[in-house]
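*Asks:* A single structure is presented below for examination.
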């Protein structure tokens, strides 16, 4: 019996020894190379099973990166850094917001970077323009250009930036589009960063305007203003002599003013430069501000950024809070529902002396103006 137990023990020891030898001589499992680790890491960033990254992920990797061959760990980190950099906006550039309110500055902007076009007609030179030159234009003559249809020596003495458009003085869509065409061409020639159009019944708060425009890079596609409708306008686009089709788009009303970046304005060239703006306006048979919206939204696919900081006489201006006047980009005056329509502000002037309230607003924004009463209470 002892001999039998001894043989069993010997066989067990021999078997264990053979098993150890087999384990030692077998090839070890390959250690993942840095490249493989890099690919696995990139796949994990992209999501499980090669799926798309989660919406809003700032570390999302370009699918093209995943198909590249990674030859070293340093290359992997290089690709990862590049992917994160590409996913983030450039320094100082925030993602576009739709509310049209100022955001952190995207670029440094000065008054000489902005081209303000004021559309008017000869019969309103005294009734409307004199008020503008007395108030906001007096501080910003170098950046403000008057587009009119009639010569005026008195106006020429006030500023050298008077542009005779050779357009009709009628308030027709053809005449309005004619003036807008001249405005566009003069802006392109100026080389300035921003084009802003206003009417001769608008007050422009330059500080608020610069603060708003500085929120957007002028090289990007930016069309900002305030629509007068609560829905896109429906129009008929004439494709050929006998063929039309429906088209709808948003547009910023010219009565409140609007601004366009140079980057977008250059893209508008095929439909706006030279005599093209007039022919484009005829395709939809709508006025100038509608034609701008048609080119930008319907043809170029750039959405209007709607801003509540622009105001026209088509809205109830009494609802603009006095405490927020310094934030508004444009104001207006006129009639609304058969009543006098202007912002509500106490100011140093009576409603009879200052029916538009522009003088009171100007003294509120620029109390150092020589003709503003020093003891004014707002």
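The backbone N, Cα and C atoms fix where each Cβ goes, glycine too.
Since the structure is predicted, the reported quantities are computational estimates derived from the model, not experimental observations.
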*Asks:* Can you dig out which of the ranges 61-84, 85-108, 109-132, 133-156 Swiss-Prot describes as region 'Disordered'?
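*Replies:* My reading of Swiss-Prot: the region 'Disordered' range is 85-108.
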*Asks:* Restricting to the topological domain 'Cytoplasmic' (1-8), what is the model's mean pLDDT?
*Replies:* 57
*Asks:* Have a look around residue 201 (Mn(2+) binding site) and count the other CB atoms within 10 A of its CB, chains all included.
*Replies:* 21
*Asks:* Work out the three-state DSSP category of residue 363 (disulfide bond).
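*Replies:* In the DSSP reduction, residue 363 (disulfide bond) maps to helix.
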*Asks:* Restricting to the same chain and to sequence separations of six or more, state which residues have a Cβ under 8 Å from that of residue 166 (N-linked glycosylation site).
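*Replies:* The answer is 149.
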*Asks:* As a test of the contact definition, list every same-chain residue at least 6 positions from residue 259 (disulfide bond) whose Cβ is closer than 8 Å to its Cβ.
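*Replies:* Spatial neighbours, sequence-distant, of residue 259 (disulfide bond): 194, 195, 196, 197, 209, 212, 213, 222, 223, 224, 225.
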